[in-house]
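Notes for the one structure printed next.
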């Protein structure tokens, strides 16, 4: 198959607010700014891949028209976290006059929660000093990591994870344009691995389409290095039945044969346990505690193989109590 060499998340990125998927409440409020040509500082908060950057770019396009790329700048705060990025790049852009008919410019600061406290304090002063010539749109995963003086100067927009329906509809639209077919099971797989993240969903589709123009659930789980939900269910069941040896073989098959990372398996086990309607409440609490301990130990540098086997042992012990 001749798959487009262009990265699909850019190829199919919405060009205007009307094309934004799954964030209707946010879009309606942003449209009011376009209508009045007035814009406060904004704070976009939410998980990755839910449309924060897309909305910022689409807003600038509609606000400025043909001159949008001259009056809009995007910076990623995770690249340079210190105060120098505020004093140099941000301040330099904010202090210059807008071009064309625009009355202000927009600076979009992605991952603003990566800025240090000192950098955020400097940013707050810059936002105040250059409010006439520049509006700031800050994007973050966690608004709690943004200092209160900045939050109080922004209109805050909370982006929700996209629904399975919204992701499936967009995936179907892209698949039709690219001339690929998708099994029903593949839609379920894409929504499972993406967790409301459209960027992850589209990347999974493109990765699978490179392998075959007929996308299956098997392709999706393989290309994203995820275990099938049933494999996680079976692994947990063997542990709770006390069959440590079988569970260990299943775990090693997922980690070594399929190359699934231990932290990804922890995430999938957490999803299975937290969503279960059959597990006893006390047992569920114990299992999540075991997952948290394994996650912490691995984050501190403990051997992942040993910790994953130890996790199975703890789950087996909890199931026997």
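Each Cβ is built from the backbone N, Cα and C atoms, and glycine gets one as well.
On a predicted model such as this, the values are computed, not experimentally measured, just so you know.
Feature list (source: Swiss-Prot):
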BINDING   46, 47, 48, 49, 50, 51, 52, 53  ATP binding site
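Other C-beta atoms found within 10 angstroms of the C-beta of residue 52 (ATP binding site) number 27, with every protein chain shown included.
Within the same chain, the residues at least 6 positions away from residue 46 (ATP binding site) whose Cβ sits under 8 Å from its Cβ are 52, 141, 158, 159, 160, 161, listed in sequence order. Cβ contacts within 10 Å of residue 47 (ATP binding site), excluding its own Cβ and spanning all protein chains shown: 15. Residues 44, 139, 159, 197, 198, 199 surround the recorded ATP site, their Cβ atoms falling within 8 Å of the Cβ centroid of 46, 47, 48, 49, 50, 51, 52, 53, which are themselves excluded. Here the binding-site residues are 48, 50, and the one whose Cβ sees the fewest other Cβ atoms within 10 Å is 48.
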